[in-house]
Amino acid sequence: MFFKGGSWLWLYIRTSIILGSELNSPAPHGQNNCYQLNRFQCSFEEAQHYCHVQRGFLAHIWNKEVQDLIRDYLEEGKKWWIGQNVMPLKKHQDNKYPADVAANGPPKPLSCTYLSRNFIRISSKGDKCLLKYYFICQTGDFLDGDAHYERNGNNSHLYQRHKKTKRGVAIARDKMPPGPGHLPTTCHYPLPAHLSKTLCHPISQFPSVLSSITSQVTSAASEPSSQPLPVITQLTMPVSVTHAGQSLAETTSSPKEEGHPNTFTSYLQVSLQKASGQVIDEIAGNFSRAVHGLQALNKLQEACEFLQKLTALTPRFSKPAQVNLINSLIYLSEELLRIPFQNNNSLGFKVPPTVCPFHSLNNVTKAGEGSWLESKRHTEPVEDILEMSLVEFGNIGEAFLEQNQSPESSVTLTSANATLLLSRQNISTLPLSSYTLGHPAPVRLGFPSALALKELLNKHPGVNVQITGLAFNPFKDLDNRNIVGSIGSVLLSANRKLLQVHDLMEDIEIMLWRNVSLETHPTSLNMSTHQLTITVNVTSLEKSLIVSIDPDSPLLMTLYLGFQYQPNCTHFHLNITLPKDKVWQKDEEYTWVLNPEHLQHGIGTYYITAVLSERQEGAQQTPSLVSVITAVTQCYYWEIHNQTWSSAGCQVGPQSTILRTQCLCNHLTFFASDFFVVPRTVNVEDTIKLFLRVTNNPVGVSLLASLLGFYVITVVWARKKDQADMQKVKVTVLADNDPSAQFHYLIQVYTGYRRSAATTAKVVITLYGSEGRSEPHHLCDPQKTVFERGGLDVFLLTTWTSLGNLHSLRLWHDNSGVSPSWYVSQVIVCDMAVKRKWHFLCNCWLAVDLGDCELDRVFIPVSKRELFSFRHLFSSMIVEKFTQDYLWLSIATRHPWNQFTRVQRLSCCMTLLLCNMVINVMFWKINSTTAKRDEQMRPFAVAWSELLVSIHTAVILFPINLVIGRLFPLIEPQETLPLFPPIQASCLSDASVEPLSATMVVEELKETVRFLLRRNTYLLSKCEQPPWSSWDITKLVKLLSSLVSSHLEGQGCHQQGERHWARVVPENHHHFCCYLHRVLQRLKSHLGTLGLTQGHQSCDFLDAASQLQKLQELLETHILPTEQEPSREVTSFAILSSEEGKKPISNGLSKWLTSVCWLLLGFTSLASAFFTALYSLELSKDQATSWMISIILSVLQNIFISQPVKVVFFTFLYSLMMSRMPRLNKENEQQTKRILALLAKCSSSVPGSRDKNNPVYVAPAINSPTKHPERTLKKKKLFKLTGDILVQILFLTLLMTAIYSAKNSNRFYLHQAIWKTFSHQFSEIKLLQDFYPWANHILLPSLYGDYRGKNAVLEPSHCKCGVQLIFQIPRTKTYEKVDEGQLAFCDNGHTCGRPKSLFPGLHLRRFSYICSPRPMVLIPTDELHERLTSKNENGFSYIMRGAFFTSLRLESFTSLQMSKKGCVWSIISQVIYYLLVCYYAFIQGCQLKQQKWRFFTGKRNILDTSIILISFILLGLDMKSISLHKKNMARYRDDQDRFISFYEAVKVNSAATHLVGFPVLLATVQLWNLLRHSPRLRVISRTLSRAWDEVVGFLLIILILLTGYAIAFNLLFGCSISDYRTFFSSAVTVVGLLMGISHQEEVFALDPVLGTFLILTSVILMVLVVINLFVSAILMAFGKERKSLKKEAALIDTLLQKLSNLLGISWPQKTSSEQAATTAVGSDTEVLDELP
């Protein structure tokens, strides 16, 4: 509950500064505070008068250091008078001073403050002012006395004693201190030395509390300052001061430039921003107590500057702090008013240059808004201070205006949040006068006639007018009324007394403007029927209704008003004809203001009918579009007694519009208004008529019509695809099933999404369980195509007996058809008898040229832990989600088993597209003022506004996307689980099994061996010969025994090696052992029977049977009973999870919900299309084009960004949740229910036919493991090579695009033009006197054009500045940076030769100027570095022995706005480029992790790492450059008169420019990686590798010889020839000499003998000998390598051949001999080599 009191504070300061500015003296201030302890008793008033006589005041003991200073000199128990603060008036006192009080000051205080010491504690209390105590005076420096320093603690204090005293003190009239009169001098008698003691204390630049938190500030300000208050650099808000009869341009004053370092402000800012509220309050309190001791008027300017910078750097002020600050300035104003003005003629209307910056108002306002909440105890002091500041504000304004000789005068002050006008009027000029205040708070005031002001002007012929316009609400916390627009305050005063103006005969006009950006929500209606009706619901009788009609063309119409009925030409309550005549502003022509007296029917619904005139109807051929706005407004004034806004005595005038409110009031105070747009009822019929204007802008309607046609065509296609998918949703009963078999197995086969994953081969499956195995079954369906890419095929397989718990599954195919390769994802087998299922994760190829090149594979089931692991869930679900939940993509990739149809998906996409369009067009409607495309832009260029609108649309559309995308899947009907009849197990006994023949037993043995070899592929490599092709039973049994033993041993070792796997695999291992046990038992029985019946082989059969018996006993040891097994995780799962009692959605309810979803989609689509068409009709052609581009961008973002992000996020979330809660997988449960429902409908007793002789049932033969086919390896290498080439080309292209997109072809010409402009005659500068003419005739005109300023001639005598210094560079050259700074010349802080706005100050970063009023020390930049001293105070004299070395360097950088036209594509290329860099960084990091230190020995690794590091450095420099640019431009916008240094930005840009060439060079060198695949070009790398040792040796010899000759030339000729003056220049010259480009004439002329010898020997040794040997060694290595080069079949040739075939270019075929040679050699060739 605190208003912005700080705003009043600064309004108050500004006028005070204007008044006191003429007396502001630049005299230096003292730097010591002295305290005089007077040990004679006086009353408070006498003590105060005595201190004033001594040029001081009663001391303010507020600093702990001061207390420590005087503590030892205070007698215990004695009382000392000290100074006190001026407290604000209370509410019970009169808030307006009488005339005598206004002149003489506030009333005298009744209680005064004294100081006393109790032990070591010093305390202050109040007592009657008439009592007589000791007192303490304080001043800067006393008039006379000796001074010496004495150490007291950590501070140095100054003692001062009077040498002699007088009985009386004579005070001159002009030195008399302010006061009501002379006080008795009873206290002024001769004072002994012991009765008066003076203590002096050095003044710090900050109060003690501040210094504790800003220790760095004190150290930063190294220059001595004579000001007692801290000086901080300027702020950045301009202040404008305008007088009557003077233009604003002539009177605008810039903030005063300060020469202090910028670090001073930055340290203080950091300290105050980090300071707590208590510290800030204490600082404000200390300042308030310090200000009360000021007497001179120049102190006011100093206090204002300190407060200005304190408030600018303080983030917030509390209420007590603002009370103290306002109280201090009230005191200063009273002191100002007590002193009569001097030099009246000098004041005039000229604003002094030292005026305090008025932009502090904005800082205090922000601080007030950010202040924290406090208790209500501060409210009353703040309210009183507001009243007092307003009164003193008027008094100061009146005092200022009285100094002007003209009878009428005015001055205007403007800040960021307030505008103030002070004017003096008389009896003849005040009536009917008007005043207008401009930005930021526009207010217009008009006074009534002389008759209404007669009584006032008779009493006061001269009146001072004070008008204030505020852009904020100062009473926001006192009254929560919604005030909109400017707030005006009008005060009249005369003779320093406020005049009460109320109950006038005529109203005073106050016009209050509102912000033009205020949203008014206009409604566009059509006048096609020459009539429209507006319905408004009035809810308040105090407000006035404003009806604004804005036609697109001039119309003559009549408005009729009716209450609760629609008026017409004959039946109405009120009417008005528009446009109006004789209006003040044009927007009043079509505005109707209805006051409360016009709305006499009270609250209710009013109808306004607009009817075109008859002549207008005849002339109106096409329907006209009008924009209608209805709003209510009311005028208020601030009732100061009740602290609230009131409307009594004020009414809304007829000149009110949507942008302003005219208030007519009969009194003067604060005025404000509110504004509210009234909701209005829109007639839909009138809105639909807008479509008659579709010919003006058919973009939106045409786009909607095109989308509708496209939707209809696509829906027809989607409907046909959905019907075709219905045929694929079925359970196929295998044709080779036995009709009498009773055990059913449901097999779900998932084909992967890999490229060419579908197969045309015949697939066979075999199931293996603990109780046996099934027959091989051919998986086929004559009615549909099976095993399509990403498809699901469901088969029903039947067996005679139960297979028990499944442990293996075998798949193979015959490799037939056009595309036999098959990628199988997973297989799920369900046992319908026991309601269990097993998951077999395959994820492999069954092909002869892909994967492991196998056609026959055996898979084992996975456990629960592996099935629900996060890795498996995410990898499997990500593909499913992208193909099924990716809304746009799933229209084409929708799974037939998914119930979310293509038609539904397409409808959802169309709804999202229409929502996208309406959101886009709403943005363009809101931003219609800024949504114009640049005419110079290319037709397909993308603007920033279009990109931002598309991003905003995508963000808003994201939740809508989530809802619409899940609308139909959430209401899918759940299938009911069918009831299957129980199956009677009919297991055949062993006795009933028919005996097998020997051939069948051998086949059984072979099948078992093949199964074991396929199940454990690592056993296949151990078999040296294929014994499974033999018919010898002994060998087969031996092989079977070894395979089983190996399996058991391998399983045991695996369990010991990986203990965590023991809980998963042994359960499957148990079932596998049971299966082997049954197989061995059956084979042993058959072999035993054959041994008894077959006489010629009985021994073999019996031996085999006994061997199988031993193997069976071995298996029994691995098979534990069920009750003895440890608890292990099983690999079988229930077909369906246990139901939780949740009732499924019935079909009827599901159909109803589906209808509701369709209605919702239809309504959303129609509404979006309707409003899109309406909004698009109001867009211009340029806006429609931008809107179309935004729609395209939004759709692309939705397709390529929003949908993928949604899919990845939800896949990650579901995978994470399902890995912990597997029951959440409801989609698979629903699909399983649907499969079971289909299974219940199909008959499994279909007569089947099985041809046992069909070769498809024979598994492919097992061959020894061989290497992958060469064709497969070559394809892989070719694919990798193609990817490397494309990525490398893309990388280089993006790098070139990102670099050259920011370049401008005209930059060279601009650079040359600037260089020629500034370099003219610059080389002729040899002495300091030459510099000033060049700066005057070339530098300044080039910088500022033709403006020459008041002082057109620039000479050394005009400026008191030192010579330029370069402290960073020890060289003696001076550098002039044209783009980086501006030259400034100063004389005691004032500019010369240029206006101050063009010469902001000393800001050159590389130059230092010594500017001082004192005798200066000059350090000229000559080679001797002499130090010269000038003692001349008024002139400039120096001695210069050396001369300048002139050097000019020009640096420039491109602004961000210059490349904004095509910046979108540049940004896209940069983003993709840095993504590739991140990818390369990841690859290099992986290689570094693998290779460790060997990574740095690879040349390609170093090259790639260098590119990555330089790219990231460039990214950092770009970010730094953008940050600096935005920072500099923000500073420029804040204060355009302030100097902005671009030095740092230029340096960063220069570093980036020099560095950007290296990645281009390295990326070009990296193209060698592409050339090395050609055998002809690879010979170069091999040559360098072979000759590397010799090359290094020769390079070392050349370097040694070059160093020796460079040193010799430098020592012999360095003093005489400039080319050899340093070692490096000598080395460069020697290299040029060897290349033949150096001039040796100077060497021959200086020393013919020695010079000739050195040059001749260097040429012979280095050129003719060493370099020739170096080249010869390389040529020899090249010859050897060329002879050993063989013709190789490189991949690059294959790639070129494929590319030629793709483009239709004939490729020459090789002969048979060349092909044979190539094939013979190609197998031993390594294609991938390291880059040399």
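From the backbone N, Cα and C atoms, a Cβ is placed for every residue, glycine too.
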Next item on the list: May I ask you to name which of N363, N426, N568, N642 Swiss-Prot has annotated as N-linked glycosylation site?
Entry: N363
Item checked: Same side of the membrane, Y1309 and V1630, by Swiss-Prot annotation -> yes
Checklist line | Residue from N344, N404, N537 to which Swiss-Prot assigns N-linked glycosylation site | finding: N537
Notebook entry, point to check: To which residue among N515, N927 does Swiss-Prot attach the annotation N-linked glycosylation site?
Noted result: N515
Note to self: Looking at N-linked glycosylation site as annotated by Swiss-Prot, pick the matching residue from N154, N286.
What the structure shows: N286
Notebook entry, point to check: Based on the annotations in Swiss-Prot, which residue of N526, N575 is described as N-linked glycosylation site?
Noted result: N575
Margin query: Check the transmembrane segment (1551-1572) against the transmembrane segment (1199-1219) for contact, please; criterion is three or more CB pairs under 8 Å, pairs 6 or more apart in sequence.
Written below: no
Next item on the list: Could you give the residue numbers and ranges of same-chain residues that sit at least 6 residues beyond the transmembrane segment (1290-1300) on either side and whose C-beta is under 8 angstroms from one of its C-beta atoms?
Entry: 1465-1466, 1469-1470, 1472-1473, 1476, 1556, 1559-1560, 1563-1564, 1566-1567
Check: What stretch of 698-718, 906-926, 1199-1219 shows the most Cβ pairs under 8 Å to the transmembrane segment (1155-1175)?
Finding: 906-926
Notebook entry, point to check: Residues sitting near the transmembrane segment (698-718): Cβ under 8 Å, six or more positions beyond its termini, same chain?
Noted result: 691, 891, 901-903, 905-907, 910, 913-914, 917, 921, 1169, 1172-1173, 1175-1177, 1179, 1184-1185, 1187-1188
Next item on the list: For the transmembrane segment (906-926), could you work out the same-chain residues 6 or more beyond its ends whose Cβ comes under 8 Å from its Cβ atoms?
Entry: 700, 703, 707, 711, 714-715, 718, 887-888, 891, 949-950, 952-953, 956-957, 960-961, 964-965, 967-968, 1158, 1161, 1164-1165, 1167-1169, 1171-1172, 1175-1176, 1178-1179, 1183, 1186-1187, 1190-1191, 1194-1195, 1198
